[in-house]
């Protein structure tokens with residue numbers, strides 16, 4: 001028996017030629033226009049299949065299109081939310097923003113009906129003007145309205161990659177010095193060994209180039225240094241500035257056209273070009289998520305919205321519509337008992353990161369308070385009853401446009417509608433037949449998400465310092481911190497100057513052990529981190545363990561000091577003992593910038609700026625703190641001094 005030919009639901013339009021063929025076909029095309037790196041919207045496929053089967057209309061076509069490679073769709077590049085575009089006779093006749101299944105279905109029916117009338121001569125086609133193709137003047141008017149609102153926005157960032165040969169040649173410090181001289185701030189600095197798979201994913205925009213395989217071999221030949229960069233108060237222009245500094249992609253061309261550029265100095269050709277820089281603000285956000293999924297850029301308060309100019313063209317930035325968001329998900333009791341593992345697997349497959357989670361039993365009062373806005377609805381009582389009949393699992397989910405992405409996966413709130421319109425949605429798949437409400441909650445806006453998350457998760461921030469004696473184990477320590485549920489909101493490698501170390505230990509100035517404490521903390525590089533978690537201050541101190549590593553090994557063998565400390569003096573990690581002290585130390589190290597998950601409002605009063613405390617120490621300052629190996633051994637051998645320092649640190653911490 002002959003094998004049945006598979007029917008393709010959605011055509012794949014991934015070249016300009018394929019696009020033009022489709023647009024010249026005379027059909028009505030419903031196009032899921034998506035970024036290559038995030039793929040098409042899968043939550044709506046079930047509905048499209050049902051519509052195709054029910055209507056059976058040959059005029060109707062479904063397709064997916066990568067906006068990255070189709071010039072006609074250039075204005076949709078960098079738009080992370082789903083865009084469903086309706087083309088009749090090659091003209092745009094309608095558009096639906098976001099995965100709104102009922103609206104997509106309604107628009108399909110309406111535009112199909114109109115196309116039949118147009119083809120029969122009953123009406124003329126009306127071309128739809130999409131807001132994404134507005135003129136620069138129209139965009140600027142909209143942005144001016146947004147700027148009047150003001151508010152706290154994220155600083156713009158770019159991602160830099162110092163490639164393996166430069167790292168192996170010991171030229172990283174030279175480049176870091178040039179970065180500092182250009183007025184660029186390093187927000188994060190991490191050594192990373194890329195796998196072949198990671199490198200192919202990162203450079204997928206180069207996969208059609210002849211040198212692609214050589215490029216992959218090159219960037220995986222040794223460790224890279226990955227940097228997150230910003231500049232000034234807002235970070236505006238840092239993408240363009242960094243690309244100007246590194247020069248043309250092909251280092252051979254750079255040597256001819258821009259001999260002072262970093263690629264001209266450190267690179268050889270298009271493959272071995274020494275450095276990487278994000279090509280746009282949108283790419284910077286994608287690359288930030290690729291290398292530092294937990295990292296949130298600092299924010300600043302501005303009277304203007306954070307609109308950027310990328311390559312001379314004004315465009316909306318991630319800070320106006322954040323691409324990296326968090327949202328609250330709740331698995332209700334019946335589903336938690338019956339489908340927990342399956343739901344968590346779906347969340348993982350969709351690319352969400354679970355930043356925090358908490359299983360809890362709500363009282364009736366708590367449930368009523370949480371859903372107070374629904375108090376006058378028919379489903380309020382069944383909802384409260386469901387939320388209090390057993391434990392719920394609350395999840396903080398992180399993803400690009402997390403709020404919309406999670407809600408698109410959930411489907412309609414009414415279970416019957418979800419089953420009918422989006423049978424592949426989570427509310428349809430994991431319904432409980434006897435329940436009167438759906439089994440999954442999702443915040444309906446970014447503002448609601450923040451409010452709801454604050455009700456569930458009582459987040460604090462604290463400072464963690466990986467000391468010079470444990471800096472070689474920083475990756476393992478950071479891994480342990482992440483496993484314990486901490487989010488790294490910001491990090492900075494520093495060679496502490498005596499000035500900054502003195503500020504951190506200011507309360508111990510004048511004591512007999514003060515100089516030894518300062519000498520130890522300035523004896524080599526440290527890693528400063530702002531950690532966010534529920535009850536972060538107390539939680540981190542529990543994980544660190546006792547000051548004396550021998551005591552830690554006996555009483556807290558799983559603690560960080562039991563695993564990584566060498567002695568009482570060299571005990572791996574430090575953190576403040578109170579929330580007030582933590583906020584003070586964060587200001588000393590990172591200045592007055594705001595960091596995401598800041599529940600203590602670390603915002604400085606307007607006009608007050610600490611100009612020095614957040615600076616990266618210069619090479620000159622670092623040189624003042626250099627110590628010989630013999631000096632370190634001599635200090636480590638002085639047990640009386642170690643004990644004095646230990647007592648000081650116990651009091652300080």
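Backbone N, Cα and C atoms are what each Cβ position is placed from, and that goes for glycine too.
Per Swiss-Prot, the features are as follows:
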type	residues	note
COMPBIAS	301-310	compositional bias 'Low complexity'
COMPBIAS	617-633	compositional bias 'Acidic residues'
DISULFID	38-41	disulfide bond
DOMAIN	9-114	domain 'Thioredoxin'
REGION	155-299	region 'NDK 1'
REGION	300-323	region 'Disordered'
REGION	324-459	region 'NDK 2'
REGION	459-597	region 'NDK 3'
REGION	603-653	region 'Disordered'
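Across the region 'NDK 2' (324-459), the model assigns an average pLDDT of 89. Cβ neighbours within 10 Å of residue 41 (disulfide bond), excluding its own Cβ and spanning all shown chains: 23. The residues of the region 'NDK 3' (459-597), classed with DSSP into helix (H, G, I), strand (E, B) and coil, number 67 helix, 28 strand, 44 coil.
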